[in-house]
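Notes follow the structure.
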Amino acid sequence: MSSSAHLQDAPPLLSGTLTQNEGQTSLRQSSSCGPSAASASESLSGYTESRIPHSKVRQGKGLRSIFPESRVKRYCCYGGVITVVAIAIVVPLSVTLSVKQMEQTSINNTSAASINNTSAASINNTSAACPSNWTEYGNKCFYFSEYTSNWTFSKDFCAAQGAELARFDTEEELNFLKRYKGSSGYWIGLHRESSEHPWKWTDNTQYNNLIPIRGDGQCGFLSDQLNISSSRVYVERPWICSKPKKYISQSQ
């Protein structure tokens, strides 16, 4: 039998052996240190690193891996800015309040001074004076009538002027009335119910008998003899009114 016939008739085991040998030869060739092997190794390494989780790569870096330094600085800057803004608001506000308080104090002081000045000016611009046609003496004003009437009418006339029939409280006032009246007899405010009763003024205060009163009449008058005399109520005479001086304001 020829050699080719022997090869064709070889059992399947030999064919499997040849195929295995060829695979081992191919594997040895692919595992050699050529360029293709190096590239494959590098690709595998890159793929491995890219698949490692980010948190594991940064593991062990502590606070910096959670709060990076740039973020901490940013928070510090924010805090500084807020502090500066707060100071910029509070300081001017405090200054403004202080200025307003000073202004209010100044206004209050000025108002008080103005009130005091006004009060002083009011006092300085007032004076005691008597009405027109009245004569001033001491702290009183006197009116000497130019007409005549009975004692009752004379009393009512003086009351209508806010006064009373003349009253003297000192001898100096009496002497003034005597000099000023001239030679005529004038009704004054003395009266009594009868010769058995005391003399009184129109306000019913009792006369102090500074000067004795002559006559037996019920009403007193200043006589032309510079004395005080009495007469009947119906006799007509001129009269004298008296009242205290009042302070009046003087216009500027």
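Using N, Cα and C of the backbone, Cβ positions are placed for all residues, glycine too.
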Query = According to the record in Swiss-Prot, which candidate from C76, C241 pairs with C158 in a disulphide?
reply = C241
Message = Looking at N116, N150, N227, which residue has the N-linked glycosylation site feature per Swiss-Prot?
response = N150
Remark   = Counting across all protein chains, other CB atoms within 10 angstroms of the CB of N150 (N-linked glycosylation site) number 17
Inquiry  = Between C241 (disulfide bond) and N150 (N-linked glycosylation site), how many Å separate their Cα atoms?
reply    = 14
Ask   = Hey, which of the disulfide-bonded residues C158, C241 is the loneliest by Cβ count within 10 Å?
value = C158
Key: Coarse DSSP state, helix versus strand versus coil, of N150 (N-linked glycosylation site)   = coil
